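Shown next, in structure tokens, is the structure this report addresses.
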Amino acid sequence: MRRLFLFFALLISGVAQAGTNPFETKPDFLPVGKAFVFTSERLESGETQLYWQIADGYYLYQKRLKFDGLPAEQHPALPEGETHSDEFFGEQQVYRQGLELKIAAGATGQIKVGFQGCADAGLCYPPHTQVVDLGGYLRYRCDRRSTGPSPGQRLQQRALGWSLLVFFGLGLLLAFTPCSLPMLPILAGLIVGSGATPKRGFALATSYVVSMALVYAAMGVLAAMLGANLQALLQNPWLLGSFAAVFVLLALPMFGFFELQLPVAVRDRLENVSRNQRGGSLFGAGVLGALSGLLVGPCMTAPLAGALLYIAQSGNALHGGLILFAMGIGIGVPLLLLVTVGNRFLPKPGAWMNLLKGVFGFLFLATALLMLRPVLDESLWIGLCGGLLLIAAYSAWKQSEGFGRVAHVFGASSLLLGVWGSLLMIGAAGGSDDLMKPLQVYSASNSSSAANPVSHDAFTTIKDPAALQRELDEAQAQGQWVLLDYYADWCVSCKVMEKQVFGKAHVMEALSDVRLLRLDVTADNAASRELLGRYKVPGPPSLLWIGADGIERRSQRITGEVDAGTFLQRWTTTRDAH
């Protein structure tokens, strides 16, 4: 079994390094300057405040924020956003309603702030840049009539609430690991001493738990401060791979390959200090709690390291401190129960504690896979997920042998995990890119569309305005209709339409007599801006019909994402009207 875990862990590490209809509602997309109203302001503290007022129905991508001209160590810490999922780019962090950032005092000169966003209705704007003078000159203003917390602050508060609950639960689980639960009675005796009343015992245990949680909170604050500028680097595939490899390394101790703990010299020194502390007093209990936060056992080291790594990526010191404080409180809850009501409410030690360690191990491997998703081919990523589920299924089946009456639970879990893992592996072999519908790639409807290669070959890709003009002149000379498809690699809706509209055989058959030009505006350069500006297109996806006379049928223009039926209906209307 260990060999199987080790093989999969090495495999991940190796890979790491290596339905709305806009025509019915006629959405009126805002210009980029109104969808994302940007302001910068020099504060009395010397900091420079950047603020985006984001219109309803629009969102900014976290990973598209750029600060050209500003040293990496001075980049503002990016708050947690809202998770936005799509079929092609996976989970992305986005900001809605408002975003507020601060550049630390001391930064000088002019910088270029880049950002990019999309509309929920299916339009993606090209990258946009604003020049900000860090010397205090306010170039861009907007009316921020706000009397309470900004929308961005409210979003952060909601995300923080969930994080507190998750980390409290994580701490509660860590309290039941083999290194922690059997030690609780001994620990209670050290803290409380003999003859203490339940009320006194609760006060002493609370002093211990709060002190321990404060040490964890300090670790969280330090990790966030050290990683405050990490977000700008996390778009690097090598760095993502390195972090994924670290999580794989943290998973191995959970499966018993080795023990990860503090160096012996440090551990012995802390233990000596701990033994010299006397229980029975609030101060002594508090000191013991603080030392226990530093004296991390082998079952705690890997989960704590993983939590600190997660916090370092967020770069938010307050957030990091609070969630690790919540984790510390969760770890201390069983101790509080023990000193007040006895051990009748606590589970008895047993083989289930080793099972809990294994669960943490699988969570670490899953985290490694999630970190790798942006840099892996989607079908390869789905295949790796399937492999992890199959190993989890085998593990659950093996564990069922030692749990008697609840063995059927492990058997059912093994069956479910095995079936899902097998489906993912089969789907990945066929090129599936859908985690929840892995076999859809083999369906008849998808096969018919996938078998039609004309969706890519029929389009002529244009990146230069002069090349566009030549194609238009030639089409007009031949009396041919032209379809201009504004496209970009970063446009999610473009990917959807490429697959669900132009990937359909009957759609391409209807366009057989039309000259198909794909205007690629992926790059943020003068050529892309000129292509967008020629017909005043806000961004991709946008579809324009140019008649045989060389004139655009403006009333039939398509802006945003549509399905195949709507597209064909619009083309039929355009063609029959002229």
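Any Cβ shown, glycine's included, is placed from N, Cα and C.
Predicted, not measured: the structure shown is a model, and the values here were computed from it.
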Check for me: which candidate out of C385, C494 does Swiss-Prot give as the disulfide partner of C491? C494
If we trust Swiss-Prot, are C124 and G320 on matching sides of the membrane? yes
Using DSSP, would you call C118 (disulfide bond) helix, strand or coil? strand
Tertiary contacts of the transmembrane segment (409-429), as residues 6+ beyond its ends and Cβ separation under 8 Å: 379-380, 382-383, 385-390, 392-394, 396-397, 399-400, 403, 435, 437-442
Which chain-mates of C118 (disulfide bond) that are at least 6 residues away have a CB under 8 A from its CB, listed by sequence? Y58, Y59, Y61, C124, Y125, C491, V492, S493
Under a criterion of Cβ-Cβ distance under 8 Å and sequence separation of at least 6, what residues of the same chain contact C494 (disulfide bond)? C124, Y487, A488, P540, P541
In all the protein chains shown, the tally of other Cβ atoms within 10 Å of the Cβ of C491 (disulfide bond) is 26
